[in-house]
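K.L.:
Before I ask anything, let me first share the structure, which is written out below as structure tokens.
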């Protein structure tokens with residue numbers, strides 16, 4: 001989506017999002033942990049900003065809504081993912097965690113419906129990881145997506161823009177925009193509870209409190225509908241649905257053409273072979289014609305014979 005103000009006005013709620021999963025995109029990962037932290041626009045606008053060096057980490061808003069869930073995946077976590085997140089498929093299952101299912105989608109919908117609208121999801125590296133993965137998980141389900149009508153932005157793009165605006169010349173070095181690197185650059189300390197969904201969401205919130213007014217303006221201009229996000233990879237349900245629809249349309253079209261009703265063009269109906277001819281019984285008129293001709297011939301012969309007998313010399 002281009003840089004333009006949304007027609008419905010300002011985003012009223014920012015929902016900071018983080019997912020933990022079984023691995024990298026190439027491994028077709030599944031979600032193992034999810035955290036959403038909903039903050040009203042007013043709470044961000046009223047963030048108290050200190051100019052100290054180093055600046056203190058801003059306190060999170062007092063009024064927030066939070067949803068944090070651990071989720072049992074359908075596949076094993078990669079060793080690297082388990083080491084970083086501290087989660088494994090076996091441990092999640094033994095503690096009775098449930099799959100990413102329709103009930104979770106209903107829970108997400110209820111959470112979002114409680115927030116002032118419009119809402120915008122904010123995730124770090126969201127465009128490349130969190131949003132496509134979340135879209136993939138939702139595509140597996142039979143229920144409609146709870147995120148229809150919700151917007152989203154990637155905080156990496158936002159923070160790059162804010163940093164470049166604050167120091168256009170830069171320092172000539174290439175900066176890292178990982179969540180931990182930005183946090184350390186701003187507040188001169190490492191974030192706590194990294195690679196837990198809730199810990200990363202709180203870290204992201206603290207970063208976005210650095211320049212809240214500029215951030216909100218950027219979000220208003222760059223938010224895009226979550227429905228435009230493409231899934232990270234195809235799922236059996238999604239693939240089956242996608243493949244079946246064209247086949248169904250193709251099958252219906254020739255059937256409708258072959259069976260064309262009177263309201264449709266009759267000229268398109270296949271021509272049927274002409275019916276076999278059945279010998280017809282001779283009609284009465286057909287019999288009278290030869291009989292009349294025979295009678296005339298008989299009379300003519302009798303007349304000629306009578307004239308012959310009556311001629312002289314016979």
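Placement of Cβ uses the backbone N, Cα and C atoms for every residue, glycine included.
Here's the feature list from Swiss-Prot:
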- 18: Mg(2+) 2 binding site (BINDING)
- 18, 20, 200: Mg(2+) 1 binding site (BINDING)
- 20, 21, 129, 200: substrate binding site (BINDING)
- 78: phosphoserine (MOD_RES)
- 167: phosphoserine (MOD_RES)
- 195: active site, proton donor/acceptor (ACT_SITE)
- 236-314: region 'Necessary for endoplasmic reticulum localization' (REGION)
- 237-284: region 'Disordered' (REGION)
- 244-314: region 'Interaction with UBQLN1' (REGION)
- 261: phosphoserine (MOD_RES)
- 281-314: region 'Necessary for cytoplasmic retention' (REGION)
K.L.:
For residue 20 (Mg(2+) 1 binding site), find which of the recorded positions 78, 167, 195 come within 10 Å, Cα to Cα.
P.N.:
195
K.L.:
Select the closest residue to residue 167 (phosphoserine) from the following recorded positions, measuring between CA atoms: 18, 78, 129, 195, 200.
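P.N.:
Nearest in space to residue 167 (phosphoserine), counting only the recorded positions, is 200.
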K.L.:
I'd like to confirm something. Which of the recorded positions, 78, 129, 200, has a Cα closest to the Cα of the residue listed as 'Mg(2+) 2 binding site'?
P.N.:
200
K.L.:
Taking the centroid of the Cβ atoms of 18, 20, 200 as the Mg(2+) 1 site, which other residues of that chain lie with their Cβ within 8 Å of it, listed in sequence order?
P.N.:
19, 33, 35, 195, 196, 197, 198, 199, 201
K.L.:
If you skip the near sequence neighbours and keep only those at least six away, which residues in the chain come within under 8 angstroms of residue 200 (Mg(2+) 1 binding site), Cβ to Cβ?
P.N.:
18, 35, 124, 179, 191, 193, 194
K.L.:
Among 21, 78, 129, these being the recorded positions, pick the one whose CA is nearest to that of the residue listed as 'active site, proton donor/acceptor'.
P.N.:
21
K.L.:
Cβ distance under 8 Å to residue 21 (substrate binding site), same chain, sequence separation 6 or more: which residues?
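P.N.:
Result: 29, 30, 31, 32, 73, 81, 133.
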K.L.:
Give the sequence-ordered list of residues that share a chain with residue 78 (phosphoserine), lie 6 or more positions from it, and have CB atoms under 8 Å from its CB.
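P.N.:
Same-chain residues close to residue 78 (phosphoserine) (Cβ under 8 Å, separated by 6 or more) are 22, 23, 24, 27.
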K.L.:
How does the model score the region 'Necessary for endoplasmic reticulum localization' (236-314) in terms of mean pLDDT?
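P.N.:
It averages 45.
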K.L.:
Where does residue 195 (active site, proton donor/acceptor) sit in the DSSP three-state scheme?
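P.N.:
Coil, per DSSP.
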K.L.:
What three-state class does DSSP give residue 78 (phosphoserine)?
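P.N.:
For residue 78 (phosphoserine) - judged by DSSP and reduced to three states - the answer is coil.
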